[in-house]
Amino acid sequence: MVAEVAVLALRLKDATSWWDTVNESAAWQDRIFHVLAALYGIVGAVALIQLVRIQLRVPEYGWTTQKVFHFLNFLVNGVRCVVFAFRRDVQKLNPQIVQHILLDMPSLAFFTTYALLVLFWAEIYYQARAVSTDGLRPSFYTINGVVYAIQITLWLILWWKPIHVVMILSKVFFAGVSLFAALGFLLYGGRLFLMLQRFPVESKGRRKKLQEVGYVTTICFSCFLIRCIMMCFNAFDAAADLDVLDHPILNFVYYLFNYKGTYSLEQHEVSVLVELR
């Protein structure tokens with residue numbers, strides 16, 4: 001029994017040693033961030049291809065919800081790709097507020113991108129129930145305006161006086177924004193899914209589209225909820241800090257989960273609901 005405990009303790013020590021070795025290795029840091037850059041570059045390229053394909057298919061329409069969604073996805077993932085590719089250089093930028101802006105801006109744009117999808121679903125849901133949707137878009141713009149205004153204010157305070165309390169507030173704010181987005185997907189994605197279940201299913205293809213609504217709802221809700229939890233740990237536990245070079249494994253796990261969610265949604269597209277309008 002004592003021997004088994006000793007072996008287990010040795011294995012745990014080896015695992016901890018491996019974790020520390022990777023985190024402290026400049027070579028591993030660069031490799032991991034370059035892999036993330038490649039993955040997010042792929043998602044950005046897919047979003048751009050989808051945008052061009054839609055434009056070529058229906059050039060007579062302007063900036064539809066689909067086009068804006070894919071453009072924002074391209075923008076978010078393109079910026080993240082560049083930041084990850086030059087992560088070591090970003091860490092050296094001064095003043096430090098520039099680092100915060102480069103690391104936080106994609107998260108803000110990510111929120112706007114998927115808030116747009118929630119808006120899209122809300123419009124479908126209320127139109128199907130013959131309820132006016134006149135107030136939805138103004139609410140969307142107002143919510144985004146408030147979120148950006150608060151974050152810009154926090155950036156200005158950090159620039160003026162970079163104190164730890166403000167950094168914690170900034171991360172908690174991002175956690176709150178992520179929770180708000182998760183609840184939005186749960187509310188309108190869940191409502192839409194339940195409503196569509198009551199409609200007669202006309203074909204196998206249509207049934208597949210309805211299943212994808214549930215899939216996208218689950219992916220988006222889970223993604224934003226995990227972002228919320230991770231940002232809370234990030235705010236109060238230095239060992240869970242995502243904004244530093246020497247936590248590459250944590251960054252890889254966190255951003256890989258976000259990558260899988262974003263890539264899955266790009267594969268399904270917002271057009272998953274177009275036929276249901």
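Cβ atoms here come from the backbone N, Cα and C positions, even for glycine.
According to TrEMBL, the domain 'THH1/TOM1/TOM3' annotation covers 15-257.
If you look up TrEMBL, you'll see 32-56 (among others) marked as transmembrane segment.
Feature annotation from TrEMBL assigns transmembrane segment to 68-87 (among others). Here the transmembrane segment (68-87) has Cβ contacts under 8 Å with residues 29-30, 33-34, 36-38, 40-41, 43-44, 47-48, 50-51, 54, 102-103, 105-106, 109-110, 112-113, 116-117, 120, 245, 255, 262, 266, 269-270 of the same chain, all six or more residues outside its ends.
With a threshold of 8 Å between CB atoms, the same-chain residues lying at least 6 positions outside the transmembrane segment (107-126) that come near it are 65, 68-69, 72-73, 75-76, 79, 132-133, 136-137, 140, 143-144, 147-148, 151, 174, 177-178, 181, 184-185, 188-189, 191-192, 195, 220, 224, 270, 273, 276-277. Annotation source TrEMBL lists transmembrane segment at 107-126 (among others).
Look at TrEMBL and you will find 138-160 (among others) tagged as transmembrane segment.
When Cβ-Cβ distances below 8 Å are used as the criterion, the transmembrane segment (172-194) is approached by residues 104, 107, 111, 114-115, 117-118, 121-122, 124-125, 147, 150-151, 154, 210, 213-214, 216-217, 220-221, 223-225, 227-229, 231-232, 235, 273 of the same chain, each at least six residues removed from its ends. According to TrEMBL, the transmembrane segment annotation covers 172-194 (among others).
Residues 114, 117, 167-168, 171-172, 174-176, 178-179, 181-182, 185-186, 189-190, 192-193, 242-243, 254, 257-258, 261-262, 264-265, 268, 272 of the same chain lie 6 or more positions beyond the ends of the transmembrane segment (215-236) yet place their CB under 8 Å from a CB of it. Annotation comment: TrEMBL describes 215-236 (among others) as transmembrane segment.
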